[in-house]
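Asker: My questions will all concern the structure given below.
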Amino acid sequence: MVLSDKELFAINKKAVEQGFNVKPRLNYNTVSGVNGPLVILEKVKFPRYNEIVNLTLPDGTVRQGQVLEIRGDRAIVQVFEGTSGIDVKKTTVEFTGESLRIPVSEDMLGRIFDGSGRPIDNGPKVFAEDYLDINGSPINPYARIYPEEMISTGVSAIDTMNSIARGQKIPIFSASGLPHNEIAAQICRQAGLVRPTKDVHDGHEENFSIVFAAMGVNLETARFFKQDFEENGSLERTSLFLNLANDPTIERIITPRLALTTAEYLAYQTERHVLTILTDMSSYADALREVSAAREEVPGRRGYPGYMYTDLSTIYERAGRVEGRNGSITQIPILTMPNDDITHPIPDLTGYITEGQIFVDRQLHNKGIYPPINVLPSLSRLMKSAIGEGMTRKDHGDVSNQLYAKYAIGKDAAAMKAVVGEEALSIEDKLSLEFLEKFEKTFITQGAYEDRTVFESLDQAWSLLRIYPKEMLNRISPKILDEFYDRARDDADEDEEDPDTRSSGKKKDASQEESLI
């Protein structure tokens, strides 16, 4: 069979196009300028958005970058390792034709990586079971499953009043100088799945894992996280990504995406329940602003790019559950509010995308309360689907509502006391003040290494609510009140047994032992 010239041309054209698609490997020496973290290249053929490029410096050093923008035959590349030392005339750029992918494997658990996904724990390279695009695969909205069932953190203020459902995304709003890093480390140590019975709570199940990504942290904070995870054994089920403050700012843009790609592999291919903690998202937003300024884009609020809402959603929306997969991704991003301003663009836009917030309060911190979580501005929008009979306990919802109501009333009573004095307060106001003090000192206050199950937290909540007579607990249904109020009283009476009675009981037991001898 003889092919015509036209047919041969078509076959050759198709082969060339396929060759470019598979592995073009085009090299250029056409760098025309460097602007901040960006490199501008001229006369580029077939550039692609998000394509990975390798830049070879005159000294032989190779750095990775990503095509950020294409204007005709001009390509703008952001360099992950920074642009210092790049010579415009002597730097060679290679276009790979591929997007940024990360090698993933179950062996990533127990390992520590830098912000670009390279191991920094003196261990071997990860033996890849798959290579995944760090931007993730789009999830069909119809295939998403509503987040249900609870993830326990071991922190009473979260588990009892702001319960987190598997597949939920709920940020922690903090500020400079507050112990959000300690809270994050405590959650990593204690987090697990909740069993529906009081006497069985296995927080370290084989199908529960944690992916932790830190962006822009200093050396002291990075050392704290590594030591804490290693000493408490939580590193075995954790994959840790660390982008330090002295690392290139641009690297912070890919660090959370590397972490989430790892989480997606563990959740959807190995069917684990994955808790992903990202800190600090403010550093990520500042990196976005730096790139936007280098590209000379029109700035939005406070200099941040106008597309920051869309960009943040590409991170937060990767949490969830998918039909046909038993795993889930639960996200807890942590951000520091500049000047404690909750209306700042970063917390403001984050609040629009996520499903609630956990608020770390400076006033509680100044009182010496740890963790200083203020439950009044905190909210978990998916809490109702994570609690109740069969998941935690049937009294959970009513107890949470009653604690919120009494704590708010206690705050009002404290404000009134500051104006009129304690003598002018009613008996109910004095009860509210007593509840306020005990709530903050015994319920919210918790040791950094104190792990409370959700059932222990609920029992402690009932012991606080017993300050009030039954008729004043109007947020709890009569049936729940009859079942749990007296039970809480009986438990408290047993704990407050007379010490003289206990000592006489011990003497009686000792005399019985002597008579037996």
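Using N, Cα and C of the backbone, Cβ positions are placed for all residues, glycine too.
Per Swiss-Prot, the features are:
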type: BINDING; residues: Arg381; note: ATP binding site
type: COMPBIAS; residues: 500-511; note: compositional bias 'Basic and acidic residues'
type: CROSSLNK; residues: Lys14; note: ubiquitin cross-link
type: CROSSLNK; residues: Lys508; note: ubiquitin cross-link
type: MOD_RES; residues: Ser4; note: phosphoserine
type: MOD_RES; residues: Ser137; note: phosphoserine
type: MOD_RES; residues: Ser503; note: phosphoserine
type: MOD_RES; residues: Ser504; note: phosphoserine
type: MOD_RES; residues: Ser511; note: phosphoserine
type: MOD_RES; residues: Ser515; note: phosphoserine
type: REGION; residues: 487-517; note: region 'Disordered'
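Thinking about packing and proximity, how do these listed features fit into the structure?
Answerer: Long-range Cβ proximity for Arg381 (ATP binding site), meaning a same-chain Cβ under 8 A and a gap of 6 or more residues, is found for Glu355, Gly356.
Listed in sequence order, the same-chain residues six or more apart from Ser4 (phosphoserine) with CB atoms under 8 A from its CB number zero; the list is none. In the three-state DSSP classification, Ser4 (phosphoserine) falls within coil.
DSSP assigns Ser137 (phosphoserine) to coil, not to a helix or a strand. Sequence-distant contacts of Ser137 (phosphoserine), defined by Cβ-Cβ distance under 8 angstroms and a gap of at least six in the same chain, are Glu264.
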